[in-house]
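As given in TrEMBL:
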- 26-45: transmembrane segment (TRANSMEM)
- 65-82: transmembrane segment (TRANSMEM)
- 102-123: transmembrane segment (TRANSMEM)
- 143-161: transmembrane segment (TRANSMEM)
Amino acid sequence: MALRVLWKRMTNAMDRFHQVAFSPKYLLYTNIGISVGLSMVGDTMEQSYERLIGELPDWNRTRTVRMGISGLTVGLVCHYWYQHLDYLFPKRTYKVVVVKILLDQFICSPFYIAVFFLTMAILEDNTWEELEQEIREKALVLYAAEWTVWPLAQFINFLLIKPQYRVFYDNTISLGYDVYTSQVKYRKKPEPKDNS
């Protein structure tokens, strides 16, 4: 009996939390929190793998915090992007979904990647030239990966998911992508071969 009462209280509390967190008043904060948290989890997972294979001696907390901050900026982009798309194209027809996917892939994805690299460059105190170099070396790799993951994921997002849950869904799918983003961002350059 006591467990049933405890379970009922817990489910009521979770329901109240859900209602508040995904309400219009707090949705921006929820979306940013989800983006920050899952960006940090993705980086932690990637670092765990790098430590396992011997590429990284210890967990780099600064790197994880930086990835979390990039989640903040990207979370802002996603929150307002989805609101704008839903405002311009409120219907859920197949035609509208395809238009949203194409706009997302051709406009938001490159912008999202640029915001990510710009945020990281600011946090790492990189020069403009270093930022340009990193974008040249890594942005196309991430953009190609976007095309393998996001069209199908966004088809589901735009057709089936309620608008207030779009960023939550996006970040859930993006957890694996965040691991890959961390890997691409922090992969070591191969050492130049010494021909002497």
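Cβ from N, Cα, C; glycine included.
Through the fold, the transmembrane segment (143-161) approaches residues 85, 92, 94, 96-97, 100-101, 104-105, 109-110, 113, 169-170, 173, 176-177, 180, 184 of its own chain, all at least 6 residues removed from its boundaries and within a Cβ separation under 8 Å. Sequence-distant contacts of the transmembrane segment (65-82), counting only residues of its own chain at least 6 positions beyond either end whose CB sits under 8 Å from a CB of the stretch, comprise 27-28, 31-32, 34-40, 42-43, 104, 108, 111-112, 115-116, 119-120, 123-124, 163, 166-167, 170-171, 178, 182, 185.
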